Protein chains: 2
Amino acid sequence: MKRVLFTPGPTEVPSEVLEAMAKPLIHHRTDEYRQYFLETTRLMQEHLATTHPVLTLSCSGSGAMEAAVVNLLSAGDQAIVVEGGKFGARWGMIAQAYGVTVHTVSVEWGRVATVEEVESALAAHPSAKVMFVTHSETSTGALFPVHDMARVAKARGVATVVDAVTSFGVYDLHFDRSDVDGLVWGSQKGMMIPPGLGFVCLSPRGWDLVKESKLPKYYWNLAKAKGALEKGDTPFTPAISLVLAARAAMLLLAKEGRDPVFARHQRNGDATRKAVRALGLSLFAEVPSNTLTAVHVPQGVDGGAVVKTMEQRYGVKIAGGQDRLKGKIFRLGHIGHYDEGDILRLVGAFEASLIDHGASAQPGAGVRAAQESFRSSKPSAAARVG
Amino acid sequence: MKRVLFTPGPTEVPSEVLEAMAKPLIHHRTDEYRQYFLETTRLMQEHLATTHPVLTLSCSGSGAMEAAVVNLLSAGDQAIVVEGGKFGARWGMIAQAYGVTVHTVSVEWGRVATVEEVESALAAHPSAKVMFVTHSETSTGALFPVHDMARVAKARGVATVVDAVTSFGVYDLHFDRSDVDGLVWGSQKGMMIPPGLGFVCLSPRGWDLVKESKLPKYYWNLAKAKGALEKGDTPFTPAISLVLAARAAMLLLAKEGRDPVFARHQRNGDATRKAVRALGLSLFAEVPSNTLTAVHVPQGVDGGAVVKTMEQRYGVKIAGGQDRLKGKIFRLGHIGHYDEGDILRLVGAFEASLIDHGASAQPGAGVRAAQESFRSSKPSAAARVG
């Protein structure tokens, strides 16, 4: 039996990426490495539609979030955190750990904050310097309208930093056309490589804030990282094999093309959502993201047992809920290297396991709905952008 | 032509380790991963002869250094930094970035600080809380007597934190028998895996300091990492493929056995040093480490050209000097997965390239001296411990 990851990260790693990591290690202070590193950076810039530097850090996505906080703020500064899940809450915890005063726009998990709610918070806290928002909230599967939020923040002179950990490679982030001042993401989601790299991209306004920032930093010093990047270098020894993996992955994304990548995620998301509904289940997220489909565990069904059977009997690994959602939702990930056949595998295992555990779903209904969804949608369907 | 790394890190990665990274990725919130992670941790504990938790962070060795600083100290605290090279200086820069008052015991690069010099500094700064020292200074190849230094520090109530980045896997650090309170290291040296993981191990006294520490931290929160480790977990998504690489590497080290590993590095170091001397060159470090052999570039020879030719013509990559030592020394790394044949390859390429660039070395003298060194030493020769 094959074993395939359909978790909201880490995601499946393409064989081209595994191969890049299996080669004998090269040294990072060589022209060969510098060329690969600069090429990877350029491919990420193209993917984000930005001319601004993309900084590669050796850390998880949370490290990249911390880097954004400590480089843009000073102790005593005020920040707004938009929170509707575990990762939104993390922005607040990081900022508070560094003595930043946090004003939270909190919505029930599964909901998304509206632009109006954000506008009220901005009005109520005119001294706020930065607003931290999550694009695709991994804990709930909800997609936040970060670009609209950034627009209203900018109008009030507040910089917006977006956690794009679970949306890079899935949604068109079109950085330079947006009002977003900072993007952070990690390697193990839409980039389709193992965890261990974090990335940050700042706008010129973001870099202005870096100059004002007084929070202590050494490893996270982005100004140093920017200076080093100009020479194809990093301030500290980079996670070389992961950078070479990132190169292989970005070459795959570039070959497929930005719009086709985003459209594929839209089609995979649509098909999964339709399959879930056809099984008589309801979606958890108010505005579901194309990254993962969060589904209410139906009454009378043991959610943990469904997840376990999917893994052990069908070789398909999905995730359950985290924290307060433990046992209450399923999270079916479809970020990254998945095609129509993969989605049928995912949905097929999901419906089979549900039925194994006494759910009243109609056998075959999920897969059939997914097939119909693929058949009726154009492969080039434009993706929504939250 | 084969290409082999003899840099002071990253070092050669054994094929067993590359294979571990080339397998399809597994998820980290699974019993399978937890078992691998706990096994890796246990193997590192055995290697260090410690019962205290070994914490795995997704970062470079510098990140692990920063984690030690921000977990043991508070702003305004005093610390002693023993510095005789680039990495000793890094301790001071990190501590200062966080508002710690640093008293530096500075020795010329290439020299090692003596226990007496450290004793004077301890006497002069009785309020110091922590002393930071480098075991094997990568920039100079010098080995510091950290265990003796830790003993005198402990006698004055000062905790010692050792940068073992370039000595883990090379020297017996025997943590629980030592007076050291904190060890940090990275993945790409004696552990023989690619860069991207940092490690920290603290003594009970070190953990007491963690409770007092008020420096801001989130990603580097070691108390959280300790709590998570008890469940086979990490606070943030771990660099999964590197952890599996670490497991493969630690299995290799355990199979070879601690003492044979340290003795092999002693023999490799001895042979390299004898070869260099037989070529008429002088060692740079006052007390040379078994990790790398730093050698003065002889007068009239272009050091950079020698390094380049070694790489391009002989496939052997060594390092030159860093910062103020650029062009002044060669650094021949022999940390990790190297045997007698590898050392002959290294020394052979070095002497050939020197001669190519006009050095007056006698052809064959280096390799012959290395051979004699191996022949006259016992494979089980006990290693010195700095």
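Heads up, the Cβ atoms here are built off N, Cα and C, so glycines get one too.
As recorded in TrEMBL, the features of this protein are as follows:
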type	residues	note
BINDING	B:R331	substrate binding site
DOMAIN	B:4-322	domain 'Aminotransferase class V'
MOD_RES	B:K189	N6-(pyridoxal phosphate)lysine
REGION	B:366-386	region 'Disordered'
B:K189, B:R331: which of these recorded positions has the sparsest Cβ neighbourhood within 10 Å?
B:R331
Local backbone state of B:R331 (substrate binding site), from DSSP in three classes:
strand
The residue listed as 'substrate binding site' and the residue listed as 'N6-(pyridoxal phosphate)lysine', Cα-Cα, nearest whole angstrom:
14
